[in-house]
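Here is what TrEMBL says about this protein:
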{"type": "ACT_SITE", "residues": "Lys11", "note": "active site, charge relay system"}
{"type": "BINDING", "residues": "Thr57, Asp58, Phe159, Arg176, Val231, Gln232, Asn258", "note": "urate binding site"}
{"type": "BINDING", "residues": "Thr57, Asn258", "note": "O2 binding site"}
{"type": "BINDING", "residues": "Thr57, Phe159, Arg176, Val231, Gln232, Asn258", "note": "5-hydroxyisourate binding site"}
{"type": "ACT_SITE", "residues": "Thr57", "note": "active site, charge relay system"}
{"type": "ACT_SITE", "residues": "His260", "note": "active site, charge relay system"}
Amino acid sequence: DGFKLQQRHGKARVRVGRVWRDGDGTHHFSEWNVSISLLSDCLPAYVAGDNSDIVATDTMKNTVYAKAKECSQRLPVEDFAIELAKHFTSYYKQVTAAIIRIVEKPWERVNINGRPHAHGFKLGSEKHTTEAFLEKSGVLQVTSGIEGLAVLKTTKSGFEGFIRDKYTMLPETQERMLATEITALWRYSFKSLSSVPMKNHYFAEMYMDVKKVLLHTFFGCSKEGVYSPSVQSTLYDMAKAALGRFPDLVSIQLKMPNLHFLPVNLSSKDNPAIVKFGDDVYLPTDEPHGSIEATLSRIHSKI
């Protein structure tokens, strides 16, 4: 009819919790928030009201629980995303590609009197994310990431030499608080189901290792730390360190808002120094905050 239609449909915010029990009484727990998006040949549903080629979104929701039940061994969230994508692209002839995005809630095992509890967990902070894009042909892209990784250092940060004009009030400094909430997304190099590493818990180990490198680069060694001339410079160093350390990654995107801690100086007519700032008392504020983000990719990669 002279139009071009691009469409997809799916189910979002499917929440599932899964417990695995070891023979020694130790329990493992994961909670996932799953979003499914299917690309499929279902044009008649749009143009003729014919739903015969539609996979119902309620069916997608039920599939999440069924597949979670089938996972008899605990697995990283990336592997579960790939399993769901494989199911939808192979089980339904109409589905040409599946996009599975999952956010894992950060439940952590608690320690009681210095010993890990067999079945007790507490909620942590940052979230583990993943997205698997799988075509029926087996072409695959997997992205993993971190959301809400809040970090702060009380020194070894400055900001100097920036553009100054009639609107500039910010003083230059070599000593300031640096705080941010890191969002990181990294894409793996493999491009098909057959090239995914077969190592058990590969994705879980990669997640922990990438996070470790990002944190080490941000903070530096435990005693001396490392100086940050700007959030931009630190962001680049973190991204470069991740790609340099892990050849399986082809790109990494970092978002690092500059969460401000403003120096507090208080004075009155009778007392000019109620609080005199000495790199010690701050007013925390995240509105407004600086917005810094960048993506670093290998030049030879095609993504």
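The backbone N, Cα and C atoms fix where each Cβ goes, glycine too.
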Pairwise Cα distance for Val231 (urate binding site)/His260 (active site, charge relay system) [Å, integer]: 12
Say you check the Cα of His260 (active site, charge relay system) against those of the recorded positions Lys11, Asp58, Phe159, Arg176, Gln232; which is nearest? Arg176
Max Cα distance spanning Thr57, Asp58, Phe159, Arg176, Val231, Gln232, Asn258 (urate binders), Å? 52
CB contacts for Gln232 (urate binding site) [other CB atoms within 10 A, all chains]: 16
Around Lys11 (active site, charge relay system), how many other CB atoms lie within 10 A of its CB? 20
Validating a neighbour-count step here. Other CB atoms within 10 A of the CB of Thr57 (urate binding site): how many? 15
Given the recorded positions Asp58, Phe159, Arg176, Asn258, His260, the candidate whose Cβ has the fewest other Cβ atoms within 10 Å is Asp58
What is the separation, in Å, between the Cα atoms of Phe159 (urate binding site) and Lys11 (active site, charge relay system)? 45
Rounded to a whole number of Å, the separation of the Cα atoms of Gln232 (urate binding site) and Lys11 (active site, charge relay system) comes to 37
Between Asn258 (urate binding site) and Lys11 (active site, charge relay system), how far is it from one CA atom to the other, in Å? 34
